[in-house]
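Residues annotated as ATP binding site in Swiss-Prot: Lys46, Gly53, Arg54, Gly55, Glu99, Ala102, Glu107. Among the features that Swiss-Prot reports, Mg(2+) binding site is placed at Asn199, Asp213. Per Swiss-Prot, the feature substrate binding site maps to Asn264, Gly321, Ile322, Val323. As annotated by Swiss-Prot, domain 'ATP-grasp' applies to 9-244, with the evidence given as sequence analysis.
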Amino acid sequence: MNIHEYQAKEIFRKYGVPTPRGGVAFTGPEARRVAEELGGNLWVVKAQIHAGGRGKAGGVKLAKSLDEVEKIAEEMLGMTLVTHQTGPEGKVVKKVYIEEGADIKDELYLGMVLDRALEMPVMMASTEGGMEIEEVAEKTPEKIIKVAIDPAIGFQPFHARKLAFGLGLPKDEQREFIKFASALYNVYMDNDAEMIEINPLIKTGDGKFLALDAKMGFDDNALYKHPEIAEMRDLDEEEPTEVEAKKYGLSYIKLDGNVGCMVNGAGLAMATMDIIKHEGGEPANFLDVGGGANPDTVAKGFEIILSDPNVKSIFVNIFGGIVRCDRIANGILQATEKVEVNVPVIVRLDGTNAEEAAEILRNANIKNIIPAENLKDGAKKAVAAAKGEL
């Protein structure tokens, strides 16, 4: 789960991670009031969407008067912001964050992620603040300094010193940086975050460090421990079909291809997408119906997959362990009665009661339900069907 910049900064401040003062607004007059309360003569108006690259897309603007704050906010609210992370459809701006202007001496990058290879959190820093970190990693990876942190000992001063030396910070700034980085580590660990990114982390004229931007992502499986963070979820920023799928216990992620996938188990779902690619196709989604699949969840799965107009075929790939294949076969037939399935459905069922399942599908004699002998055969048929070649 991701949250907005203003929400991430609220969490930062609770842990003593310094940020500029600011407030959220939903209308132009509200934005003006926030700027008035902040005082000063320079403000930044920032579109609040779950995507990076806002500045380049016109979603971050400076204002030098209260009138300008109101005008920029009114122009920004309701606009569709298209960045490299939103896709071509973009995201509609429904709120803006008004922040006091800052005295920027230098821009840095600081972030934390979980390194799955090392099985440890990693803190990363770079002198290339303000740039896309993916671009820095691709073109000048030597400019990214990393430290892996063993949770058993936690974040230590030597971790921060390594980052500070790599950033070339003078001695009089290192103590302030160590304090900042230590607080950020606590934010990450205490809240079960998956990712934190501050880009840019700025140095001010008086040698202070401020989080000028803030991104946070959380482990959905840990949200039950953090109800106050779960309340920050903005469903408007999420794919509607993904939200709908969660209500039925389905794990669904929309992709850009045309071969719909319905699979039980995340590992098998990933393998299914891989083999579709291998056969020359493009998966339209990731959909894990889980171990407790029943006719209702299968029907809902079809409904969600078919809500994507790009889907030209569906590959149902089920390995029956806990869930019986005959139950899935009956679920598929019941689903076709509830939902208009107007594309070829290639079905590969293996495992518990697979033969009974094959018999059920054969006896049903439904034209667009096509059995597959194995995984490879199923993927080939699904890709061919999507291309209109089956």
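FYI, residue positions are counted from 1 along the chain as it appears here.
Heads up, the Cβ atoms here are built off N, Cα and C, so glycines get one too.
Considering only the binding-site residues Glu99, Glu107, Asp213, the Cβ with the fewest other Cβ atoms within 10 Å is that of Glu107. You'll find the Cα of Gly55 (ATP binding site) roughly 11 Å from the Cα of Asp213 (Mg(2+) binding site). Taking Cα separation as the measure, Arg54 (ATP binding site) is nearest to Asp213 of the binding-site residues Asp213, Asn264, Gly321, Val323.
Look at Asn264 (substrate binding site): DSSP puts it in coil. Averaged across the domain 'ATP-grasp' (9-244), pLDDT in this predicted model comes to 92. Local packing around the binding-site residues Ala102, Ile322, Val323 was summarised as the count of other Cβ atoms within 10 Å of each Cβ; on this measure the leading residue is Val323. Look at the Cβ of each of the binding-site residues Gly53, Gly321 and count the other Cβ atoms within 10 Å; the largest number goes with Gly53. Closest by Cα distance to Ala102 (ATP binding site), from the binding-site residues Asn199, Asn264, Ile322, is Asn199.
For the ATP site listed in the record, the two most distant Cα atoms among Lys46, Gly53, Arg54, Gly55, Glu99, Ala102, Glu107 lie 20 Å apart. For Asp213 (Mg(2+) binding site), the nearest of the binding-site residues Gly53, Gly321, Val323 in terms of C-alpha separation is Gly53. Lys46 (ATP binding site) sits 48 Å from Val323 (substrate binding site), taking the C-alpha atoms as the reference points. Cα of Glu107 (ATP binding site) to Cα of Ile322 (substrate binding site): a distance of 53 Å. Within the set of binding-site residues Asn199, Gly321, Val323, the entry lying nearest in space to Glu99 (ATP binding site) is Asn199 (CA atoms). Following the DSSP three-state reduction, the secondary structure of Asn199 (Mg(2+) binding site) is strand.
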